[in-house]
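Annotated features in Swiss-Prot:
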| type | residues | note |
| --- | --- | --- |
| DOMAIN | 18-81 | domain 'S5 DRBM' |
Amino acid sequence: MSHQKESKRDNQHTDKEYVEKLVKLNRTAKVVKGGRRFSFSALTVVGDQKGRVGYGFGKANDVSDAIRKSIEKAKANMVTFPLKNGTIPHEVQGKFKGSSVLLRPACSGTGIIAGGTIRAIMEAAGATDLLSKSLGSSSAVNVVKATFDAASLLMDGKKIAKSRGKTLLDVWG
């Protein structure tokens with residue numbers, strides 16, 4: 001019995017190191033014979049503010065269950081954003097269906113200049129300075145997926161040096 005309590009405490013401790021942000025909560029209604037039956041969908045972003053971030057989409061008949069499911073999926077689908085001094089290393093553009101997201105590095109002190117969806121992702125990732133522009137479709141799900149597509153195109157200094165056949169000092173100077 002006491003062993004189970006310890007493992008529960010460990011799980012609670014790991015939950016506190018993540019920042020959870022609700023991006024979108026949607027209510028849908030199905031009309032049935034007795035009236036309307038509501039269901040909920042939630043889109044959340046989870047990050048450790050050290051460069052690792054993930055997103056999840058959950059559906060349920062209750063708001064709290066939908067949020068819980070989306071957070072679990074977000075923790076399972078974490079990716080790494082290579083951050084350098086609180087910003088991204090270079091400009092990048094990601095696309096998903098009708099949405100396109102442009103991410104640009106910024107000088108320290110600029111802050112995160114972004115819309116709500118991109119801002120939630122970057123704050124969860126731990127970025128402090130960033131410029132962004134969302135183009136095309138403003139659907140929250142599409143913007144999130146376009147942002148993660150942009151993240152997959154980001155290269156840190158080691159990857160850039162390896163692709164050019166140079167050392168890290170040659171690339172960053």
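If you go along the chain as it appears here, the first residue is 1 and each next one adds 1.
Heads up, the Cβ atoms here are built off N, Cα and C, so glycines get one too.
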Treating G and I as helix alongside H, and B as strand alongside E, what does DSSP give for the domain 'S5 DRBM' (18-81) in helix, strand and coil?
14 helix, 39 strand, 11 coil
What average pLDDT does the predicted model assign to the domain 'S5 DRBM' (18-81)?
96
